[in-house]
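Quick look at what TrEMBL lists:
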TRANSMEM  B:12-33  transmembrane segment
TRANSMEM  B:39-57  transmembrane segment
TRANSMEM  B:69-87  transmembrane segment
TRANSMEM  B:107-129  transmembrane segment
TRANSMEM  B:136-153  transmembrane segment
TRANSMEM  B:165-190  transmembrane segment
TRANSMEM  B:221-243  transmembrane segment
TRANSMEM  B:255-284  transmembrane segment
TRANSMEM  B:304-322  transmembrane segment
Amino acid sequence: MEYAAQQIINALSFGAEYALLALGLAIVFSVMGLVNFAHGEVIAVGGYTMVAFAALVTANPLIIVVGAVAAAALTSVALERVAFRPVRYADPTTGLLTAFGVSIVLQNLFLLFISPRPIAVTSLYFLDVPVTLFGVQISSLQIFESITTVVVIVGLVLFLQRTTLGLAMRAASLDFEMVRLTGIRANRVFALAFLISGLLAGLACIFIMARRGSVDPHFGFNPVLKAFVACVVGGFGSLPGAVLGGFLLGAVEVSMLVLLPQEYGGLKDAFVFGIIALVLVWRPDGILSPAKEKGDKL
Amino acid sequence: MTLTRGQKRGVLGACMLAAILILIGVLATFFASKYQLRLIYSAYVNLIVVLGLQVFMGNSRLTNLSHSAFMGIGAYAAAISVTPVAMKQISLPDAPWGLNAFALDPLTSAIVALLITGAIAFLVGIFIVRMTGTGATIATLAILVIVHSIFLYRTDIFKGNQAFFGIPQVFSLTSIVILAVVVVFIVRGFRESPWGVMLRASADDETGSAAMGVNVVRLRLIAWVLSGLILAGAGIAYAYFLGTISARPFYFNHVFLTLAMLIFGGMRTVTGAVLGTFAISFGLEVVRWLETGPVIVGIDFPEVLGLSGVMLGLVIVLTMALRPVGVMGDREIEELVLRDK
């Protein structure tokens, strides 16, 4: 019983992390139809900022954390300005391949200017201490992670429902031309989407760093790969879908870890992706995919 | 059989591309050093990969990121079939299902590899072709990861990141040039065939073409399987020349590289695929030489690892920003020469 409870909490915290990342991808996708492959590198920028802060400025974890989140958010906005603006109204494939290219450039820049090897940051380990809650042993990190994700989701929902810019962003995902006609600046909406996406990446970065403790050029790759899968399963472009997909993926991953015999451990990812593929057979566009008009849209 | 005007032009265009491929091959045999020959050989292998990509991506306009995995499946299937028993007893002592107790001749092995890859491509394709745009792309990414983790995990069959050695080296530059020419004709033939035309129409306007009776899903599946077979061919040629393979070359780096080639030249045309492959292959060699920190006119340049990666990424970003359809756009080679009527 306790074991089951522990695994459920594991699944929830994994899921929370994936949901954070998937939300970051989905918010950009829903506004401009861009599959942001470079999201992982935004996370890596957050990681490297931690390294820089810890080495050069201060060991105060609060400052390090704030710095990392700010750096990730700024990077995300800067990428929109430099790389994604030219492909803003292009078809999704063009945007996807651009993001692909941006991701390769950034990865190699880390390689070129920083180091191909992992760099350790130890100042966040204090987040990860074991605590016993109702007789179940869990890590404090898992609690932080779950709470953060819930807060973020609530905040995002409030922002999208209650503010004018939030309304504009929701409208932008349906008909961008109309939004512009109402006098809202397209630049602002795009920048905001990337800002939110970068903030989410920064938050996720903190948790990944607290767990792994080091950053390398391919740092963001695996988490974002999972986030992509979460988005696809939930339905690309749907924010509730991204959250659902994230938690579903966390659940599948933990149950694979628990149920698979030890000697198949190396095949965990293959099984996870395989199961996800089966979900896609059932619903090719994801579980909560927004309804799509196939008629002529003028 | 009468050919349409587009098909006649297709044959002409394919002949022109074939002439270029043969010319490069002949020049290489006469002037290239042994090391350069290997580079040119791998450029031809990449050319076949890019052509295989073009069949699916160029005609259906869905992005495929799993191609290197299919190349790997083809390479491993051929390698396991063709390697002599004595050799496999050493390299794969624990292989299950008697995989190390038989050996076939190179031609039969190649056919076996094509059949296996084709069958896998078909089974996977059934799922892929039903998805739309982005979902399909990420699903292909998932395939790449699954196949790679199987390669790494089943070391008793694939040797993982270690070298699978002892494959008879039966291919030479001549064979790969011939293979590339054949593939150019197949790919161009598919593009101009009724299937190819219908598939391209469906990429431009899915609803409209469906209303005209185009079965989009079936056509995509045909293109997907054909693409898988061509990629298997590239894998076989790769294994048959090098004599040794490992799982590492069939992963993200190769996916990036070949995708950049296709994008730069222009994925809509076969000419674009050929142009992109050679432009990037040769361009990248220059960058790699710069990467090692050479001495140019007395100035000693520093060593810059990762420069080739940055260049590759920039090629993709700049192509997408400045000319999203690639250098060739919608023009095939013969359209540069012939007058439009």
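The backbone N, Cα and C atoms fix where each Cβ goes, glycine too.
Caution: TrEMBL annotation is automatic and unverified by curators.
The model shown is predicted, which means the values in this text are computed figures rather than measured ones.
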Listed stretch, out of B:136-153, B:165-190, B:221-243, that has the most CB pairs under 8 angstroms to the transmembrane segment (B:69-87): B:221-243
Per Cβ pairs under 8 Å, the stretch of B:12-33, B:39-57, B:136-153, B:165-190, B:255-284 packing most closely against the transmembrane segment (B:107-129): B:136-153
When counting Cβ pairs under 8 Å to the transmembrane segment (B:221-243), the leader among B:39-57, B:165-190, B:255-284: B:39-57
Contact call for the transmembrane segment (B:39-57) against the transmembrane segment (B:12-33), three or more Cβ pairs under 8 Å: yes
Remote residues contacting the transmembrane segment (B:12-33) - C-beta distance under 8 A, at least 6 residues beyond either end: 40, 44, 47, 173-174, 177, 180-181, 184-185, 188-189, 270-271, 274, 278, 332-335, 337-338
